[in-house]
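Asks: This is the structure I want to talk about, given as C-alpha cells.
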C-alpha cells in the first residue's frame, strides 16, 4: 500500500496544475546556484519561437533570463543579458544585440522572435525593435526543460552562481510562431493579445525549486 501511495505521489509530481498568475510576479530574492522555476510544456518541436517577459533587477553582471534546453543542446533557446547587450541562442549558436538601454532597478519588457525559415532573430526591448540578426535555420527539436532564474549548462542543470538572476520576473509567455509587431506592442502595453500557446502566464504549468516567491505584481 505504501508503495502504491508513493507511486501515485511521484506520478502526480510529474504534472503541474496550470495556475493563473495574472497580477503576480516571481521574486528571486537571493544569489544561489539552486533556486529557479521550471516551466512545463508537451511541445517538442519549434520551427519558430516568440518569448516575451518582463523583469526587474539591480544587477549589472551576466544573467540568464530564459533558458530552454534539450538533451542535445543546453542552449536550444536562451535569452542571456551580458552588460548592455542581450544574447539570443538557438541550438547552441548565438548572436548579440548591442548597445541596449538596460537600466538597473527599472522594469523592462523583453520579447524575442526567431523563425527557422530565414534564421533571423529580433528583439523588442520596452516596445522598441532591434535590427534583425541571423542565428540558425535549424528547427528546435527534443523534449525541453525550461528554466527561469538560472542558465543551463547541461540538460536541466549545470547552473553557475555568477549567472543567476536576482530580482523579479513576470508575464512570461512563449509561442511556437513569430508574433507580429502589432501583437508585441499589445503585450508591451498590457493590451489585448493572444496568450502564449507554449507557456501562458494566465495558465502556467510550473514548479518552484528553492527560494522563489510568488507575490502581487508591483506597479511597473
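All positions are counted from 1 along the displayed chain.
The backbone N, Cα and C atoms fix where each Cβ goes, and this holds for glycine too.
Just so you know, TrEMBL annotations never went through curation; they're auto-generated.
Look at TrEMBL and you will find 52-111 tagged as disulfide bond. Here TrEMBL flags 22-220 as domain 'Pentraxin (PTX)'. Annotated signal peptide per TrEMBL: 1-16, in sequence order.
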Asks: Determine the mean pLDDT over the domain 'Pentraxin (PTX)' (22-220), rounding to the nearest whole number.
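Replies: Overall, the domain 'Pentraxin (PTX)' (22-220) comes to a mean pLDDT of 96.
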Asks: Let me check the 10 A CB neighbour count of residue 52 (disulfide bond). How many other CB atoms are there?
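Replies: A 10 Å sphere around the Cβ of residue 52 (disulfide bond) contains 25 other Cβ atoms.
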Asks: List, in sequence order, the same-chain residues at least six positions removed whose CB sits under 8 Å from that of residue 111 (disulfide bond)?
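Replies: Residue 111 (disulfide bond) has long-range Cβ partners 50, 51, 52, 123, 124, 179, 184, 187, 188.
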